[in-house]
Amino acid sequence: MLPRSINILKLRPTTQVTTTALRALATEAKTTLGATPGSTSTSTSTSTATTTTLESTSTSTSGDATETTIKETKSIKRKRTFFTDELNKGPSFDDFVSGKAKDMLEDPLELARKDPNAKLPLWLKVPIPKGKSFHNVKNDVRELKLSTVCEEAKCPNIGECWGGKKSEATATIMLLGDTCTRGCRFCSVKTNRKPGKPDPMEPENTAEAISRWGLGYVVLTTVDRDDLIDGGANHLKETVQKIKFKAPQILVEVLGGDFRGDLEMVKILANSGLDVYAHNMETVEALTPHIRDRRATYRQSLAVLRTAKETKPSLITKTSLMLGFGETDDQIRQTLKDLREVGCDVVTFGQYMRPTKRHMKVVEYVTPEKFDYWRDVALEMGFLYVASGPLVRSSYKAGEAFIENVLKKRKHNVGESPRMLQEVKPSIFKRA
């Protein structure tokens, strides 16, 4: 029970209350409660109440009445100060004076700055994109309202591809918009069940952009459009034909989807006039369900490559595998065997790099030496050409010159030695 001396809430109106008096009463109550035995629960609750800061507002007197307002100041939660806290854990002034600071193995200030997810091996670091050619390509893409896989998929080679000389600068155009109907766990392209309708001017604008760049070899890629009846096959066909009409000398590679397993759509694209039919396996069979969208299957992708080759045997068929998901050597070898069985001519190996924290983590950063090993293994198995390196991507322009050479020789009926093809190992893929 509270002592009468602090029962201030029932004061008579004529009583004059001052801030000093309130503080004195609170102090007296605290002392009294601390000395009263046998009242643990009461004293605890009262002590808690009396320790709350009491603030008496200015007293206004009207006649013989006095109105007193007591406010309880609520405790304010301290803001998070991670950087400051980490700094405080670091060397003190005395540590610097005594010289102990230099012996500390880790500086908490530096640890607070670093992002654990930003740590990459040296061979995966690339220069910041810049240069006149880079900005020219970027302006063309913006002006013609085109999407590129270089930007949408956050490709690390964008500076090299866009920033090359006039005869080399290129961008991989992404057709059917910038939004995919699928959601693979490795891909940073936007997803939506119902993307917008394809731009009817996209084929014409794509052909115009490519003709400006003066290229000999171009790569077109596409998002999956499961919302379209034909999966976008006829849109791709129209784009290829417009490019060939504007510049017949240009060799065209199309990296297409699986069209939900509709092989008739594969045949439409294969007969469109393209020169290289590409479709990516992405990973080994065991990991496919965990990495790719559930609508994409390993066997379905093999069927796409087989059908493209059977439809037009003169086509070069191409696929790509990403390493770093936790795949085993035996699984990779089996995948290469499966690819050779369906007549796949070209394979590329690249390192999976996590685009954002929302995507699956990297299990392993594969060394350049291991990439060289897989290049040699694939060439021994009979692939026409293999590009293998940490920064290699399926649409990476460095391999295009070699494939362009092969296609031109074929068109001029100049026979090439398979052994010669296998011995060519471009140093550009040995990136360090």
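Using N, Cα and C of the backbone, Cβ positions are placed for all residues, glycine too.
Quick look at what Swiss-Prot annotates:
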type: REGION; residues: 32-71; note: region 'Disordered'
type: COMPBIAS; residues: 32-68; note: compositional bias 'Low complexity'
type: BINDING; residues: C150, C155, C161, S395; note: [4Fe-4S] cluster 1 binding site
type: DOMAIN; residues: 165-384; note: domain 'Radical SAM core'
type: BINDING; residues: C180, C184, C187; note: [4Fe-4S] cluster 2 binding site
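Neighbours of C187 ([4Fe-4S] cluster 2 binding site), defined as other CB atoms within 10 A of its CB across all chains, total 21. Fewest Cβ neighbours within 10 Å among the binding-site residues C180, C184: this applies to C184.
One way to see the shell of the [4Fe-4S] cluster 2 site is to take the Cβ centroid of C180, C184, C187; the remaining same-chain residues with a Cβ within 8 Å of it are R182, G183, F186, S188, V189, T191, V223, D224, D293.
Annotation note: C184 ([4Fe-4S] cluster 2 binding site) sits in a coil segment as assigned by DSSP. Looking only at the domain 'Radical SAM core' (165-384), the predicted model's pLDDT averages out at 92.
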